[in-house]
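What TrEMBL says about this one:
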- 298-659: domain 'TRAP C4-dicarboxylate transport system permease DctM subunit' (DOMAIN)
- 194-212: transmembrane segment (TRANSMEM)
- 224-242: transmembrane segment (TRANSMEM)
- 254-276: transmembrane segment (TRANSMEM)
- 297-313: transmembrane segment (TRANSMEM)
- 333-364: transmembrane segment (TRANSMEM)
- 376-403: transmembrane segment (TRANSMEM)
- 415-433: transmembrane segment (TRANSMEM)
- 454-477: transmembrane segment (TRANSMEM)
- 483-499: transmembrane segment (TRANSMEM)
- 542-562: transmembrane segment (TRANSMEM)
- 621-642: transmembrane segment (TRANSMEM)
- 676-697: transmembrane segment (TRANSMEM)
Amino acid sequence: MPSASDPHAGDKPVSFPAWRDWLITAPVAALLLLAIAFGTSAFIHGQLLSLGGSIWHDYNMLRFDMSQPSCDPNMDLDAEVQRRMSNQKADADSLFDTGPADPEAIRQSLASQRDQCRENFEIYQYNHEQTGTVTLRGFRSVELAAGKLNAIGQAWQPYILVLLIMFGGMIALIKNEQISLRPPKSATDYRVSAGTQLIVHVAMAASAIAWIRIDVGGDTTLNYIWLIGFLVLAAASLYRLIRVPDNTEPNSPAKAGLAMPLYCGLAFISLGYFFFSENYLAGPVVQLTKMIRFADLYTGIGLFVWVGMMLKHTRIAELLFGLFRSWEMRPEFVVIIVVLASAWPTAYTGASGIFVLAIGAVIYQELRIAGTYRQLAIASTAMSGSMGVVLNPCLMVVIIAALNRQVTTDQLFGWGLYVFALSAALFCVFIYLTRKTRPHLATPDDALPNTLRAAVPIIPYVLLAIAVILIYTRLIGQSFNEFSAPVILPLLLLVLLVYDRWRANRLYEAEIKAADRGQAEAPDYKPAGFGNALRASTAETATLIGALLMLMVGSIIFGGVMERSGVMDLFPSELGSIWVTVAALTVMLVIIGMIMDPYGAIILVSATIAPVAYHNNVNPVHFWMMVLVAFELGYLSPPVALNQLLTRQVVGEAEFEKAREEVKNDPSFWRRHEALLLPITVMGTSLLLVAFAPLVFMHVF
């Protein structure tokens, strides 16, 4: 057995069949690496332009070889004036004759043209001399190549996104990993899941055909990729409909509908509206153009998930949690630290659901190792990203400020700190009130030496991370922020994964030598190498981003229905009392959060509900703080509880079953349903205070 001090004790290599290795790893890894390469090329090109301008102050004029001007810099003004005067006399009988010409005016005009010509020749001569140097030509060739790569990347972004959706969607479909209210268990469940997906994909293919016929002058290649993708997904659905897994369980047919993927439910409503109400066959695919406009945003989701899966295949999380073990913290205290610490990385991922999908598995695993019981570990994982969406530099806030001139990012991030402090305090209070153990903490004299020893293995990871970030910030000139994080973090994790796997094998070799000397038992297995860990993380990434992006596809189409159908117009524009207005808005926002992805929901609310709030004298900053907290409550609340479903997606249905089994005989209603009740209670209380505390303050003062 590996020694207890070995942080790589559980990193067994993953076995891949040949076809799965190629099908899952290669295409998805290639697409993600392309996204990183194109993103990096944009940063490099910008830095090269800046560097060129600092070396040659007029570098923009030297980027291309100028053609020699065709004018005459040594024009004889007297001769040219005489020639033009002669031509003027020859045209005296013309119908359009404008009268006698002024020789002095002609001379002044010609002199001005000659001066301009001489200036052009001076510029040309300077360009010719400078571009003849080896240094400039070498630098320019590199800069122009980076510019071309950047231009290609901008053009290819939509294709990368659509291919990620299709590859990931097909893998999630084949593996029966789509997001649903309940995972399929019986043969009927599997057939309902596959059958509904078959109907949706065939209908979407029909919509794509209709769009191709009317989209004259559009991106034909992209349209055909959508069409082929939906046809391939339909074929995969048919395969799954015919071939049901062998290890099915008996289950009630009445529950089979819960196994239908969530995106299919949204798609059925949307397809019914567009096909039968509007008779607009191309409508569903047209809505997906909204997704294409934000292709880099949705591709970033895939990159963040890849980061999380690579992190899962390192021992970084275990090493970090090792810092706290010597302090003998109770599990509830560890939960508080983890959930509050998760807020900052959530701000970089841009949405709580993305964070749960990317890092949820690591958080749950480490909370369980720390002794946290399953119900609390699930609750903490589900809401681990819910508090960070109001913090700088969350992309949701940036989008809100871009779509609504009534607010600025400084205002939203400023008040977001107070909202975060409020929700964090409430979380601590509820954890304390519902704790199972008494608070305890080891003394610094006992814990600090062990903490310092546990910090030593972390130092190389920290130094490597700093080095990667410094390369981007100093060498490439791109600061680490919400826009660069999707590009920098995957490269950072790739570097850390290389070191982590190298270190794991060094520890393995040391244990083998110790076993040979009779000083320790031989390890049971050789830890996974870099290649195996990368393939495993990419395979998991493909499944997860396929499931999430397909759900976002359904959500975007459904959002189009909400806009076009006039449903949002049913919300009254005049609500009278501001108390009634805030209450009605709160309920509506929570409902929207239950059924839509965050980015689509922000676009919908900005266009429909925000004007109503402003018209009824709700402070814009107050309103958008309500929106962000209400969305998070919606993502944690039944009937959908998306963040709970994403937690199940990364943790596994087996853990949820064990969590229910552990507390099925507990007399406390709270304990039996703590995984659901704790997040709802914390975020629900936060929402009530965020919504109504400002009104109470204004009423009193």
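Placement of Cβ uses the backbone N, Cα and C atoms for every residue, glycine included.
TrEMBL does not curate its annotations; it predicts them automatically.
A contact links the transmembrane segment (483-499) to the transmembrane segment (297-313), because at least 3 Cβ pairs that are 6 or more residues apart lie under 8 A. When Cβ distances are compared across the two stretches, the transmembrane segment (415-433) makes contact with the transmembrane segment (621-642), since 3 or more pairs at least 6 residues apart fall below 8 angstroms. Between the transmembrane segment (297-313) and the transmembrane segment (676-697) there are fewer than 3 Cβ pairs closer than 8 Å, counting only residues 6 or more apart in sequence, so the two stretches are not in contact. Distant neighbours of the transmembrane segment (333-364): 297, 300-301, 304-305, 307-309, 311-312, 317, 321, 324, 370-372, 376-378, 380-389, 391-396, 420, 424, 427-428, 431, 439, 441, 482, 485, 489, 544, 548, 597-599, 632, 635, 642-643, 646-647, 649-651, 655; these residues of the same chain sit at least 6 beyond its ends, with a Cβ under 8 Å from one of its Cβ atoms. Per-residue confidence over the domain 'TRAP C4-dicarboxylate transport system permease DctM subunit' (298-659) averages 89 (mean pLDDT, predicted model). Looking at which of 376-403, 454-477, 542-562 has the most CB pairs under 8 Å to the transmembrane segment (254-276), the answer is the stretch 542-562.
Residues 297, 331-332, 335, 338-340, 342-356, 359-360, 363-364, 367-368, 409, 412-413, 415-417, 419-420, 423-424, 427, 481-482, 598-599, 602-603, 606, 624-625, 627-629, 631-632, 635-636, 641, 643-644, 646-647, 651, 655-656, 659, 674-679, 682-683 of the same chain lie 6+ residues outside the transmembrane segment (376-403) yet bring a C-beta within less than 8 angstroms of a C-beta in it.
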